[in-house]
């Protein structure tokens with residue numbers, strides 16, 4: 001791929017995707033005046049397809065969308081597909097983290113297991129009947145308080161036992177090798193024709 005539209009306006013996702021997709025030229029949809037698609041799907045995969053199709057149809061170019069979020073099994077999968085708006089539509093990362101920590105306040109260490117899930121959809125064109133779909137999972141534990149300034153979203157409370165730090169304390173070089181998004185993009189690369 002020489003050029004691709006990124007079907008997101010999330011600055012954190014744009015930065016990570018640009019790093020992970022280099023040397024492909026990544027054009028954020030906002031640069032073309034394309035607004036976010038309405039996320040009406042009931043799964044990460046459905047939302048990734050909706051977003052990629054929306055951007056591809058308006059740009060008339062291939063588009064890649066990522067729909068990802070945090071899944072906490074002890075909270076019945078919350079925040080899940082609502083991760084970005086867990087504390088409300090106008091919520092920011094800090095609000096969402098506080099909502100999560102509040103809901104988990106009385107949970108034991110065993111109940112704090114969590115994972116990030118990423119679904120990526122690549123549409124060659126708006127009517128692509130066979131979009132490429134790839135997924136990745138990144139396991140961790142929800143800490144009791146935020147720590148670290150790297151990354152975005154729930155990274156400050158996503159603790160990685162093997163690294164003894166949160167995802168927000170990891171250098172970008174390491175996170176971009178082990179994250180859910182990195183795993184999904186590696187899977188996508190394997191699906192691309194030579």
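In case you wondered, yes, glycine gets a Cβ from its N, Cα and C as well.
When Swiss-Prot records 8, 9, 10, 11, 12, 13, 152, 153, 154, 155, 175, 180, 181 as binding substrate, the matching candidate from 68, 102 it lists for that site is 68. A coil conformation is recorded for residue 153 (substrate binding site) in the three-state DSSP classification, outside any helix or strand.
Ranking the binding-site residues 8, 10, 153, 155, 180 by the distance of their Cα atoms from the Cα of residue 38 (Mg(2+) binding site) places 8 first. By the criterion of other Cβ atoms within 10 Å of the residue's own Cβ, the least surrounded of the binding-site residues 12, 153 is 12. Each of the binding-site residues 8, 10, 68 was scored by the other Cβ atoms within 10 Å of its Cβ; the lowest score goes to 10. Least packed by the Cβ count within 10 Å, out of the binding-site residues 38, 67, is 38. Shown in sequence order, 148, 166, 167, 168 are the residues of the chain, 6+ apart in sequence, with a C-beta less than 8 angstroms from the C-beta of residue 155 (substrate binding site).
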